[in-house]
Structures are given as structure tokens and as C-alpha cells.
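Visitor: A single structure is presented below for examination.
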Amino acid sequence: MFQAAGAAQATPSHEAKGGGSSSTVQRSKSFSLRAQVKETCAACQKTVYPMERLVADKLIFHSSCFCCKHCHTKLSLGSYAALHGEFYCKPHFQQLFKSKGNYDEGFGRKQHKELWAHKEVDPGTKTA
């Protein structure tokens with residue numbers, strides 16, 4: 001008799017806990033479904049899930065879609081360079097876009113080799 005009374009008391013208290021927690025779980029699930037926004041990959045236009053999400057220059061990518069435009073090598077956040085919304089590995093970015101020419105000319109100065117040419121002429125006139 002003692003066991004039957006204990007079992008009867010345990011059942012209602014357990015049901016009360018279960019009923020309250022299931023309604024709480026349902027509310028939190030419905031809230032989280034409304035809060036999620038589908039994000040699409042800038043490269044393939046497919047849905048990006050949080051585990052594969054990568055953001056570079058305010059664009060969202062799958063980690064597998066974030067690759068060099070020139071050689072298609074997979075990029076990481078520390079190994080890319082961007083120009084006009086296109087992404088490149090650092091070696092190809094330098095190869096494709098580095099400035100060709102002389103820095104001295106770019107800043108309006110005489111070329112370095114011209115400065116040395118004048119110094120070679122001057123030592124002959126120098127007196128020791």
C-alpha cells in the first residue's frame with residue numbers, strides 16, 4: 001500500500017513538469033524558425049548554412065565556393081585579395097594587377113639609373 005501511494009504521487013508531479021517543459025520547447029522552436037534568414041552564396045546562389053558560412057568583403061560564401069577567379073584555388077580569409085568584387089589568391093593578384101613601371105617615374109622623380117650616370121661623370125672632375 002505504501003508503494004502504491006508513492007507511485008501515485010510521483011506520477012502527477014512528473015506529468016506537471018513534462019507538460020510545462022514541452023510547451024516551453026514548442027515556443028522556443030517556433031521563435032527560432034522565425035528568426036532565421038536564408039542566406040545565399042555570392043558565388044553559386046545556393047543557401048548557405050551556418051557551419052559552411054564565410055564572409056569576405058561583406059559577401060557571404062560557402063567555404064568551398066570561396067576560390068581564386070584565376071586558378072580556382074580554395075581561399076581562406078588570410079590568403080585572398082579582392083578587386084571590384086572579384087577574389088584572387090595573393091600570387092595571382094600580384095601577377096595580374098601589380099603596377100608595371102618605375103616607382104621613381106610614378107612619383108615624378110628622375111630614374112635612379114640617371115642619378116648614378118651623373119655621379120660617374122662627377123668623380124672625374126673631383127679633386128682629391
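Placement of Cβ uses the backbone N, Cα and C atoms for every residue, glycine included.
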Visitor: Do you know which of 1-25, 26-50 Swiss-Prot annotates as region 'Disordered'?
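Guide: From Swiss-Prot, the annotated region 'Disordered' range turns out to be 1-25.
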Visitor: Measuring Cα to Cα, tell me the gap between Cys44 (Zn(2+) 1 binding site) and Cys68 (Zn(2+) 2 binding site) in whole angstrom.
Guide: 14
Visitor: Can you tell me how far the Cα of Cys71 (Zn(2+) 2 binding site) sits from the Cα of His62 (Zn(2+) 1 binding site), in Å?
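Guide: Here the two Cα atoms lie 18 Å apart.
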